[in-house]
Amino acid sequence: MYSLIEKAKEKIRKAERLVAFTGAGISITSGIPPFRGPGGLWSKYDPSILDIDFFISNPKQSWKYIKEIFYEYLLKDVKPNPAHVALAKLTCPVITQNIDNLHQAAGSEDVIEFHGTAQTLVCMDCSKRFNRNNIDLSVDIPRCDCGGVLKPDFVFFGEQIPKDALDKSFMLAQICDVMLVVGTTGEIMPASQIPIFAKNNGAFIIEVNPNPSNYTGGITDIFLQYKAEEVLPKLVEGVKDVR
Ligand SMILES: [Zn+2]
């Protein structure tokens, strides 16, 4: 039987410009809960701690929870899972909404972090960046050499998407002929527009999600209803040799 998985493999193998677009669903098995939905972070924490205006006015209060969530709990000691590893084997650009660094940890070299990263901290005054491992996070408010407050280098509520990431993501969406959409339901603007833009520019859309999303039945050409870590290793079997 010519299964959907086989059909998707064929498309991936023949793609001239393959691009992957990922979201929270790919990292759940690595132990990172999603932000939204039942059991998500925002059912336990007030999202306003990541509001940029709140952060500027109350850095100490924000940092208390930022440390707890991102540096002592959520992203501490997380490792890539078979989905990240499989995607790295495709050696294609990966546009991710995740801030967990797991695509890079799995070996993907061209990763566009649409929402930034928790790996670095940025000074609110002079914009200097620091690796999180070089900063003492035990203090109330981590600061730059210049005295400015450091902020995790991911996009807070009320902040713009980093211009480089925005431009490169939509450029890739425009030129790709196949887009592999994994673990994202298309609810968060403007990231959610990336696969739609790809589709409008002629790309074939392969979607991997455990449940139907905003894309399914709309722009999706092949819907693989699986968890990412179940199906991605199958999708890349034999593909790398041919590409
Ligand atoms: Zn500074």
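FYI, residue positions are counted from 1 along the chain as it appears here.
Using N, Cα and C of the backbone, Cβ positions are placed for all residues, glycine too.
Lifted from TrEMBL, the feature list:
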ACT_SITE  His115  active site, proton acceptor
BINDING   Cys123, Cys126, Cys144, Cys146  Zn(2+) binding site
DOMAIN    1-243  domain 'Deacetylase sirtuin-type'
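The Cβ of Cys123 (Zn(2+) binding site) lies under 8 Å from the Cβ of Arg129, Phe130, Cys144, Cys146, Gly148, Val149, Leu150, Lys151, each on the same chain and at least six residues away in sequence. Here the CA atom of Cys126 (Zn(2+) binding site) lies 20 Å from the CA atom of His115 (active site, proton acceptor). In the three-state DSSP scheme, Cys146 (Zn(2+) binding site) falls into the coil class. Shown in sequence order, Met124, Asp125, Ser127, Lys128, Arg143, Asp145, Gly147, Gly148, Leu150 are the same-chain residues outside Cys123, Cys126, Cys144, Cys146 whose Cβ sits within 8 Å of the Cβ centre of the Zn(2+) site. The average pLDDT for the domain 'Deacetylase sirtuin-type' (1-243) in the predicted structure is 93. For the binding-site residues Cys126, Cys144, Cys146, the greatest number of Cβ atoms within 10 Å around a candidate Cβ is found at Cys144.
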